[in-house]
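K.L.:
Pulled the feature table from TrEMBL, pasting it below:
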type	residues	note
DOMAIN	F:10-140	domain 'Exoribonuclease phosphorolytic'
BINDING	F:ARG86, F:GLY124, F:THR125, F:ARG126	phosphate binding site
DOMAIN	F:160-224	domain 'Exoribonuclease phosphorolytic'
Protein chains: 6
Amino acid sequence: MRHDGRQDDELRPVYIETNYIKHAEGSVLISFGDTKVICTASVEDKVPPFLRGSGKGWVTAEYAMLPRATERRNIRESSKGKVAGRTMEIQRLIGRALRAVVDLKALGERTIWIDCDVIQADGGTRTAAITGAFVAMTDAIATVHKQKPFSSFPIKDWLAAVSVGITSENEAVLDLNYIEDADANVDMNIVMTGAGEFVELQGSGEESTFTSHELQAMLHYGEKGINELIDLQQEALAHAKDLLV
Amino acid sequence: MRHDGRQDDELRPVYIETNYIKHAEGSVLISFGDTKVICTASVEDKVPPFLRGSGKGWVTAEYAMLPRATERRNIRESSKGKVAGRTMEIQRLIGRALRAVVDLKALGERTIWIDCDVIQADGGTRTAAITGAFVAMTDAIATVHKQKPFSSFPIKDWLAAVSVGITSENEAVLDLNYIEDADANVDMNIVMTGAGEFVELQGSGEESTFTSHELQAMLHYGEKGINELIDLQQEALAHAKDLLV
Amino acid sequence: MRHDGRQDDELRPVYIETNYIKHAEGSVLISFGDTKVICTASVEDKVPPFLRGSGKGWVTAEYAMLPRATERRNIRESSKGKVAGRTMEIQRLIGRALRAVVDLKALGERTIWIDCDVIQADGGTRTAAITGAFVAMTDAIATVHKQKPFSSFPIKDWLAAVSVGITSENEAVLDLNYIEDADANVDMNIVMTGAGEFVELQGSGEESTFTSHELQAMLHYGEKGINELIDLQQEALAHAKDLLV
Amino acid sequence: MRHDGRQDDELRPVYIETNYIKHAEGSVLISFGDTKVICTASVEDKVPPFLRGSGKGWVTAEYAMLPRATERRNIRESSKGKVAGRTMEIQRLIGRALRAVVDLKALGERTIWIDCDVIQADGGTRTAAITGAFVAMTDAIATVHKQKPFSSFPIKDWLAAVSVGITSENEAVLDLNYIEDADANVDMNIVMTGAGEFVELQGSGEESTFTSHELQAMLHYGEKGINELIDLQQEALAHAKDLLV
Amino acid sequence: MRHDGRQDDELRPVYIETNYIKHAEGSVLISFGDTKVICTASVEDKVPPFLRGSGKGWVTAEYAMLPRATERRNIRESSKGKVAGRTMEIQRLIGRALRAVVDLKALGERTIWIDCDVIQADGGTRTAAITGAFVAMTDAIATVHKQKPFSSFPIKDWLAAVSVGITSENEAVLDLNYIEDADANVDMNIVMTGAGEFVELQGSGEESTFTSHELQAMLHYGEKGINELIDLQQEALAHAKDLLV
Amino acid sequence: MRHDGRQDDELRPVYIETNYIKHAEGSVLISFGDTKVICTASVEDKVPPFLRGSGKGWVTAEYAMLPRATERRNIRESSKGKVAGRTMEIQRLIGRALRAVVDLKALGERTIWIDCDVIQADGGTRTAAITGAFVAMTDAIATVHKQKPFSSFPIKDWLAAVSVGITSENEAVLDLNYIEDADANVDMNIVMTGAGEFVELQGSGEESTFTSHELQAMLHYGEKGINELIDLQQEALAHAKDLLV
């Protein structure tokens, strides 16, 4: 059994609170255990230069942590004057993952800006961010749709993300918290759709390697976790659920 | 009467939720109406170079807004690669204000890092930040005190901040929200102690000026607001209240 | 008596030399005792994006110190790659103060760029900068006016700035030099118009506080100093004096 | 058949030229078809702060492209003043991949700096970089070993990387060149050891998704490619081959 | 005799390999002994703002070193976030030198981007860069000319660069390698045309001075070296030689 | 005759005012016609890392222009966040030139920081800066010498700088002002010692070239100008003149 009493294939308690920030078109506070992330989706009626005149829209994401989201205070990236490599990697991942389920042509020349700000971190911030950002984005697009319906709703499928790993005792586990993550041999993030297809698969041995067999075990747990997360997203988006066929 | 139904000398509803972030030594979520700020206080057992070996401590503050805290999304300062002048002005103000009621000698060679992150903005973010930061700081120092008592508790007095202004109809008002602030002729921030002394006074005509008479009216409302805020701080810090004589 | 022999309510010797830099539309070398600042005003026939098409003009300011303006050499902000918080605070103050007496509508779509460069510092650099910048700006606008008269001269009133403070012996004093400033309990900068109205009031306790009574004493000295400075500005701008009614 | 005549599971011609830069402890020019990367390994007798006194060494990597390595000239990151997110992602990947087969304890308090500079790009630059960097690193460590033998040679296994993908016609292919990559639905980078274990697996749908079946096909081709690359590395490192048991 | 056996007025072996990078309009790998530089010329059909609408073209250059081009690894300028003064000085020199022999009017509104990347350094990198960049630029312009002939070929004369110096034994020498350069009293870079006129002359005493007589000796050797380099350029550009009358 | 009535080999009026800034160990205001530069020399009792423990001192220089030193206002380098290439080139030149006449061993482990700030520009700012900086540096070192004599005075010779050029009418001229400089075919800066030896020679054709004959004419005028400038330096430093044998 895991140090917090969970089964190997068990998620932490997950909550999704919608309409969390009054100014944003879509916003949620999502928690995976003690990991808490504010995700907002802002709709802008223009696109980056490389898409102007293409009729296509764009989805882009930014990610940050409050300085004291972690056990030790981190220096702000604004004070350092540059964005860390880890941050860039995560925000590129969030944007790419969301775009995989958006019909950018149907969206039209609009940009959806996703902001994921971790207010408390306990492992799995990037997967919580993707899972929450999907809800905020869908809510924002549903808001636009209500005012002026799209001919075809631009979101093609549900999308969630979860982490899996191999512990130092060589056990596969689902949804690692910080203590587990720090000690794991292998860390993998999986992003999947409601239809059960992969969007992203990022697995890394941490000064370690993994076998084909361990890979299959992780994929199996990941799929289970994703299905449960999508159920929770569908509850949180009950009012918009019918828009996604 | 004001557009939200308040009297000229009436604060917005103010809430202070302590222990908001589990990792920080002190933390609050403070709201002044729709303005919401997370304030954390982190204790570090070292001081900046100019104080090393002096036996004195330091209090410093950082301030930021989430991109979608405002009506229109703001570009992150980390993306811009530099901290805006307005941000620097506010974080210098918060630090200076808090230091006025801290006995840095009694604190010893420790730094208190204050982080004020605005998650939703509706006017008065800097005064909410100072008022909340005082609570987070006091809670953090009380935590240190509980583990290893100071010979003299390093906080000398209560401290809160509020905004006052002169509207475009030449009325003095207390605790302006965003709509009032955008339209005001004069904007003043007042920081005062529990003993009723001034710590900071910053009044600016916005392409306008103000008379000595208007100054007195604003100071009067400000004092009233400060007293009410300190009452709320004392409730939130009931467990630590006796430490401040 | 003060260490340099002045009365508590006495300014240091103040000199204003106009036409100091041949290229600028307006320029002065102003000295408050040993504090010396070159102020230039440059007129540009365009405005920042947020004012384009509005018919209104803009006044903006920048402030810097030569590295050896001070007792110890300072590292250049260009070498550090960023502008310090103190610098930003001062340049925002100078711009805001000047705009309070400019009719931006009458100015039309022009920007007045103010540059205040401290070549020698001995306390009160920001108040000397504002007082000198007003002269440079007025001279620049008078130059434009001579070539092509404004229907209404865009400067509405005279404007000067002075510092006041409370010493460590609890005395109010006017126009603090560096030694006095370093030792003061309270430091306040006052910007006022020829009509005796406030434009800016910025008072800070330096790890200290101040009473209502001390505030009144400082305001009283400040008003006296401002009046004397405006007399000197009127001498320096004798040729342009009639343009300001 | 592929546009350049290759079979789906066929690598491009791969060449590894060792001792390419005279100053570096290890250096290669590696080419995967028209993709050409200079990889150098520099040995420094100190470690980053977080490892000082630990007895452990470190391996870190940097990656860049010459401006005209690509069809259109890219602006240099030094001119932009910041490193792009894509670059950071790749250099973090290279470093992490190499560390998986290095016994950092056996290396002792040394840092191996890996520099991968793409002089001509035609797809697969990150996999060519990892494959070449492994050779440069091994050569550099063998050089140190010759001068002063390690009690245990710090490299534990061979390591290579290759890309696989799913084309827009839903075919799995090995080692995509630029034209194939730009058109692919799915792009995956695989890093494996001589023992056939995974070190990194990074697969992304490009505005697309992939099935479990497609994943298995890609993994199969990847393993074949890795084995062929490791054969070529062993030829290039013939003189050092016995050091790796 | 010199430490590598050369006569005082003897160049190191010089090789120029054209068409080195497949994407660039012009590219060479040039070596002066162990100094090796990749020079590319990229043609862009637009000009910087200050030339728009003038009918004139532009030539600009960038210069960099791979981190391990030198005996000790250098930190990348992209990591430091700024370009060093030495780099800026060199790239300004390369651009200015090349522009001296280009008829910018005949070039039309095009920019030639020159990139000189030192892959191995052993003294004289800036003179190798200029000499190689001239070949890459001429090749790129000849390529444009072949597709759509210029009414007058925009390159007016041949151009090469070489270093000369005064050793610590007060001998004038031609084309200093790194060991000689580090020890020299005087270092001078000469850029000359095929017609034997000066384009640039930059001589510096290194904590030393030089006489008029020493100057003449250096100029004499420089002219000899330039003539030999231009012969090699003419061989490398045999196919384009007739375009330059 | 020249547009300002000077002979071809005639300097503009040159003035050197010493002790211009009260805080600096050495300071001058130097003017070459309408070009005015404040030069300060600051003495610091430590050296850069590469000289620690060597017993040798260092001389380094920084150069800047006030924004309105020129006909059109320039954006501050601190606002741009980086130092321009032209600025770096000039400050490297100033430092290198001064070091050529300083016995760094005799100076001991001290750094002389030179700051040259152009307050009004009309051509020749870098030569005025070097000429003024030599005076400020000598005065600063003489001040140190008075307090605690050096066994050997660290300045070995006098040093001045002047510009020469070839006009568009192919005339050699001395000390070009801005109008002449903008129109010249060739621009050369010469730094020489009191003994008549060269320290720096930097000549550039501006989209032009120059002959050996023109070079000799420029060197001839340069030597005349340098001699006159050194006479003026000796007057300004009358009190310290005997220290330089």
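Cβ from N, Cα, C; glycine included.
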K.L.:
So how many other Cβ atoms are close to F:GLY124 (phosphate binding site), meaning within 10 Å of its Cβ?
P.N.:
26
K.L.:
Helix, strand, coil: count each for the residues of the domain 'Exoribonuclease phosphorolytic' (F:10-140), based on DSSP.
P.N.:
45 helix, 41 strand, 45 coil
K.L.:
Using DSSP, break the domain 'Exoribonuclease phosphorolytic' (F:160-224) down into helix, strand and coil residues and give each count.
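P.N.:
Grouping H, G, I as helix and E, B as strand yields 19 helix, 27 strand, 19 coil.
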K.L.:
Among the binding-site residues F:ARG86, F:ARG126, which residue has the largest number of other Cβ atoms within 10 Å of its own Cβ?
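P.N.:
Of the binding-site residues F:ARG86, F:ARG126, the highest Cβ count within 10 Å belongs to F:ARG126.
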K.L.:
Taking every residue in the domain 'Exoribonuclease phosphorolytic' (F:10-140), what is their average pLDDT?
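P.N.:
On average, pLDDT over the domain 'Exoribonuclease phosphorolytic' (F:10-140) sits at 96.
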K.L.:
Starting from the phosphate site formed by F:ARG86, F:GLY124, F:THR125, F:ARG126, give every other residue of that chain whose CB sits within 8 Å of the mean position of their CB atoms, in sequence order.
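P.N.:
Near the phosphate site, the remaining chain residues are F:TYR63, F:ILE90, F:VAL118, F:ALA121, F:GLY123, F:THR127, F:ALA128, F:ALA129.
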